[in-house]
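What follows is one structure encoded as structure tokens, with my remarks underneath.
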Amino acid sequence: MAIHTLLFASLLIFSLIPSSREGNKGRLFSVLQNSLDVTGKPVQDGVVLEAGKDMVTIKWKLKSSGKVDADATFKTIQVKLCYAPISQVDRPWRKTHNELFKDKTCPHEIVSKPYDKTPQSLDWTVDLDIPTGTYFVRAYGIDGDGQEVAYGQSSDEGRTKNLFSVQAISGGHVSLDIASILFSVFSVVSLLVFFVKEKKKAKLEQRE
Amino acid sequence: MEVEGKGGEAGTTTTATRRFALPVDAENKSTTFRLFSVAKPHMRAFHLSWFQFFCCFVSTFAAPPLLPIIRENLNLTATDIGNAGIASVSGSVFARIVMGTACDLFGPRLASAALTLSTAPAVYFTAGIKSPIGFIMVRFFAGFSLATFVSTQFWMSSMFSGPVVGSANGIAAGWGNLGGGATQLIMPIVFSLIRRMGATKFTAWRIAFFIPGLFQTLSAFAVLLFGQDLPDGDYWAMHKSGEREKDDVGKVISNGISNYRGWITALAYGYCFGVELTIDNIIAEYFFDRFHLNLQTAGIIAASFGLANFFARPGGGIFSDLMARRFGMRGRLWAWWIVQTLGGVLCAFLGQIHSLTWSIVVMLIFSVFVQAACGLTFGVVPFISRRSLGVISGMTGAGGNVGAVLTQLIFFKGSTYSRETGITLMGIMSIACSLPICFIYFPQWGGMFCGPSSKKVTEEDYYLAEWSSKEKAKNLHLASQKFAETSVSERGRASTHPQT
């Protein structure tokens, strides 16, 4: 019976794992062309932005200094919010990898639009679920097959300049805190009530 | 589900004749185990106790599956997460030791419910934490509740007789440990339900924690309202009526800690249960990072490790009882040592595997062996001492957590060792720390490599040696006497000395 359950469990696990990776498993960031000019400026410089409230003005366009038809294959532009190295320290789930499918630098998507040759601008309010950290903006040029072919970012290559900071929402509410206190008090008080009842019962037994 | 309502009159009156739903021995402990019964007091105690323990496990390991959200909300680093993992299992080292004595003094019903109700606040307050320190603290205090393991084992050892105690202990503990796997499935589901009702991510995970908290509170109520410490009644009632004499705490403790076998079981348990706890904390991350799976898949794999407890740990307990029927205590020891060592070998192997498929297969087989070893441990523990059963159970249980703390500190903190190397080294340490099992020796039954003593020591000699002649004159030793009589079954079928 144990063997059957084991085999069944194994089968279940295997069927849930994505069976094949896409053929472009080895696509590297380093081969992408840096042909996009991207800027991401908070509404007020030097101030920590509040998630859900403050805005970042993001602009992107094709670099004028680049090759003439660098954007020939672009179908979509995907703009993402990326962690600066300082926010990646001691956090392996945000690690930068050269292989694009492994890379975890830019997990938050800001917008994904069909490619327009004209310079684009967007006033983006920082999402409610953006964690506290230091960020920059990166845009990927994506071709018809969904592959990244080019990129541009608001920071330098070392990702140390033109960064902005975000403070996340706490997620807590006064009502949650009150509920915690109420339930906790209820647990402890009912324990005391039970203890007292037990003592009384034991005393009754003694008298019998 | 078959419910046997007959038998077992109101447990507080003391009468010479008492009818139980199940067949009982001289101490009124049940000699059979009927899983689908809730008859008072034996099977009811079983179901109350495993469910309460299950709820505590769910609460203690409720955070790991939601870590991807929590770590972003609280801005946690990998170090913070590692420290919280260690904190979650270290609190109950102390708690398990104390719980053993508390059970000896107050009875498992009150002791376990008191612990469960007093740690529930830590789970509720998880909803309000705002910093890494807060996270570490709530995981630390919630983790104390894992000491209900000791009360589970104690309660089962009080309700069930020798031939079935391994099974009862194994199933109760196994189904409790199941909570560590179930929570990896429950919490993400609760979280997404709450999100669907409109809460933001960073609020939804907080609300989710009220579910394990409530279950913990309600399970404690059930234990207090429907449970009973002993087949004959409750501890306090029996103390006052004189049927149960209060024992000397100091003597109970010193008797327990001076028994070398308790220390060996503590060490060995640290390297089966300790390994299990460590894996509960690190395995999802391991699969996520090493094989680049997404979080849901890594979570399902993590859950499957813990879910094997449904049959693996009970299987260990049942196997222990089967071996005892034929080979007595020596059979229990051999089975335990072999299964635990094989578990260590598989663990060492797991870290060396590069393929995802084979990692999962080896992990599943490894989970069965390591959890069965836990069940086999508690097939032996009830026989080490009768007077200090609680202390020995507590030491062993605490040893399990110490193993988890040590292992995470040495192999899984920071980046000294890669995760895969850590897992291999943990397996090797497991094999080494299982060797002392070879040194456990009972003069009346023998050990792994030696038969029983040539001096023809009996079970009575062994268990009554725990009491001084003064205490015997006061008839304090009568429970041990009854136990000694029933433990003759540990000689196995082929008796090596004649029946007295």
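For all residues, glycine too, the Cβ spot is worked out from N, Cα and C.
Residues 76, 81, 84-85, 88, 112-113, 116, 119-120, 123, 126, 135, 139, 142-143, 145-146, 148-149, 152, 171-173, 175-180, 182-188, 191, 201-202, 204-205, 208-209, 212-213, 215-216, 219-220, 222-223, 280-281, 284, 295, 299, 302, 306 of the same chain lie 6 or more positions beyond the ends of the transmembrane segment (B:50-69) yet place their CB under 8 Å from a CB of it. Annotation source TrEMBL lists transmembrane segment at B:50-69 (among others).
According to TrEMBL, the transmembrane segment annotation covers B:110-129 (among others).
If you look up TrEMBL, you'll see B:136-155 (among others) marked as transmembrane segment.
Per TrEMBL, the feature transmembrane segment maps to B:175-194 (among others). If you look at the transmembrane segment (B:175-194), the same-chain residues 6 or more away from its ends with a CB under 8 A from one of its CBs are 50-62, 64-66, 69, 148-149, 152, 204-205, 207-208, 211-212, 276-277, 280, 284, 296, 299-300, 302-310, 313-314, 371, 374.
According to TrEMBL, the transmembrane segment annotation covers B:206-226 (among others).
TrEMBL lists B:293-312 (among others) with the feature transmembrane segment. Tertiary neighbourhood of the transmembrane segment (B:293-312): same-chain residues 61, 64-65, 68, 174-175, 177-185, 188, 279-280, 283-285, 287, 356, 360, 363-364, 367-369, 371-372, 375, selected by CB-CB distance under 8 Å and a gap of 6+ residues from either end.
Annotation source TrEMBL lists transmembrane segment at B:333-354 (among others). Below 8 angstroms of C-beta separation, residues 268, 271-272, 275, 316, 319-320, 323, 327, 362-363, 365-366, 369-370, 372-373, 376-377, 379-380, 419-431, 434, 437-438, 440, 447-448 of the same chain, each at least six residues beyond the ends of the transmembrane segment (B:333-354), sit close to that stretch.
Proximity of distant same-chain residues to the transmembrane segment (B:360-384), defined by a Cβ-Cβ separation under 8 Å and at least 6 residues beyond the stretch ends, is recorded for 153, 157, 162, 165-166, 169-170, 173-174, 177, 259, 261-262, 265, 268-269, 272-273, 275-276, 279, 283, 301, 304-306, 308-309, 312-321, 324, 329, 332-333, 335-336, 339-340, 342-343, 346-347, 349-350, 353, 392-393, 396, 400, 434, 440, 442, 487, 490. Taken from TrEMBL, the feature transmembrane segment applies to B:360-384 (among others).
Residues annotated as transmembrane segment in TrEMBL: B:391-411 (among others). Sequence-distant contacts of the transmembrane segment (B:391-411), counting only residues of its own chain at least 6 positions beyond either end whose CB sits under 8 Å from a CB of the stretch, comprise 82, 85-86, 89-90, 92-94, 96-101, 103-104, 146-147, 149-150, 153-154, 157, 252-253, 255-257, 259, 261-263, 265-275, 277-278, 281-282, 374, 377-378, 381, 384-385, 417, 421-423, 425-426, 429, 433.
Beyond the transmembrane segment (B:423-442), the same-chain residues lying 6 or more positions past its ends with a Cβ under 8 Å from any Cβ of the stretch are 261, 264-265, 267-268, 270-272, 275, 278, 286, 329, 333, 336-337, 340-341, 343-352, 373, 380, 383, 403, 407, 410-411, 417, 448-450, 452, 462, 490. Summarising the annotation, TrEMBL assigns transmembrane segment to B:423-442 (among others).
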